[in-house]
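These come from Swiss-Prot:
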{"type": "REGION", "residues": "1-111", "note": "region 'Disordered'"}
{"type": "COMPBIAS", "residues": "1-22", "note": "compositional bias 'Basic and acidic residues'"}
{"type": "COMPBIAS", "residues": "24-35", "note": "compositional bias 'Polar residues'"}
{"type": "COMPBIAS", "residues": "49-61", "note": "compositional bias 'Basic and acidic residues'"}
{"type": "COMPBIAS", "residues": "97-111", "note": "compositional bias 'Basic residues'"}
{"type": "REGION", "residues": "157-223", "note": "region 'Disordered'"}
{"type": "COMPBIAS", "residues": "185-202", "note": "compositional bias 'Acidic residues'"}
{"type": "COMPBIAS", "residues": "203-216", "note": "compositional bias 'Gly residues'"}
{"type": "COILED", "residues": "240-306", "note": "coiled coil"}
{"type": "REGION", "residues": "262-286", "note": "region 'Disordered'"}
{"type": "REGION", "residues": "299-319", "note": "region 'Disordered'"}
{"type": "COMPBIAS", "residues": "306-319", "note": "compositional bias 'Polar residues'"}
Amino acid sequence: MELIKEETAPEDDSRGRQRDCRTSVVSSKQVQRNQLEICPGLVSGDVHPMCRDRSDPEPRTGDAASDDGFPADKTSSKRDSECAAVNTDGVSDGRQGKKKHRRRPSKKKRRWKPYFKLTWEEKKELDERETARASRVRAEMFAKGLPVAPYNTTQFLMEEHDREEPDLNTELGGRKSGAIRSEDTASEDENFEAEEDDEEEGGGGSDGMGRPGQAGGEFLQKDFSETYEKYHVEALQNMSKQELVREYLELEKCMSRLEEENNWLRHVRRNPESPADGTGSQRVRELEVEVEKLRAENNELLLKTPASNEPGLNQSQPS
């Protein structure tokens, strides 16, 4: 009130006092303006109606009606929306700081398939890689002086089963199989004899699962036969049509040859005294040799005898 009275009726002696009051009022207005510029939306995220930029002019006394609940002017609503947009941008930049790293799938995709879906060639390549890796690891362990166990594989089972299977290529298979098997016959015979002696001494033994040895052998043989059958079916599925036809023709030839051999053996068993057996054929050969010798002697005698009117040995007498 004193300020208003002094402004209405100023005196000459109080000019300095009036100037000081005006400067204090201006400084209080600047402080209020700075407080309004710090928008509470930066802290709480809500849009405050009193937020405005520094470039906006100071609100007049007539504009205070909008703060009392009455609708504000268009300029004030526009300023509020701009302030809210600025505040939200500031909050997002302040909270995130830098661009968020989005994880993307790697370009180097690992093409992995389960083992039962692999083809025969892929399985073979996988086994070869695993064998090479195992041998490399074993070599490293051996170089470090650590104990090394042999590489665990079941390939020897397939090799033994292939030996027992008949060779379908009868013409070439006999020579190759004879050359290959001749190396291992002695060692295999010795192993079989040793196993038979052990079984006789131990009374049959067991397979380690509480069953007798014979039952365990039958179970293992059945299991192995099923596994080998699955392998054979898979091999046939991977063959082309021409390969299947060729395989079928070879099997037909082999079956016809085996049927002929079977019929011949049955005939020999039914008629043991027939010339089809080994002793009869040997006797026939001996007789043929004797006939050849007699013919040679006859020819020599014909050459030695002089040409005369007397008939020779083989000359027919005139009738």
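The backbone N, Cα and C atoms fix where each Cβ goes, glycine too.
The residues of the compositional bias 'Basic residues' (97-111), classed with DSSP into helix (H, G, I), strand (E, B) and coil, number 0 helix, 0 strand, 15 coil. Across the coiled coil (240-306), the model assigns an average pLDDT of 82.
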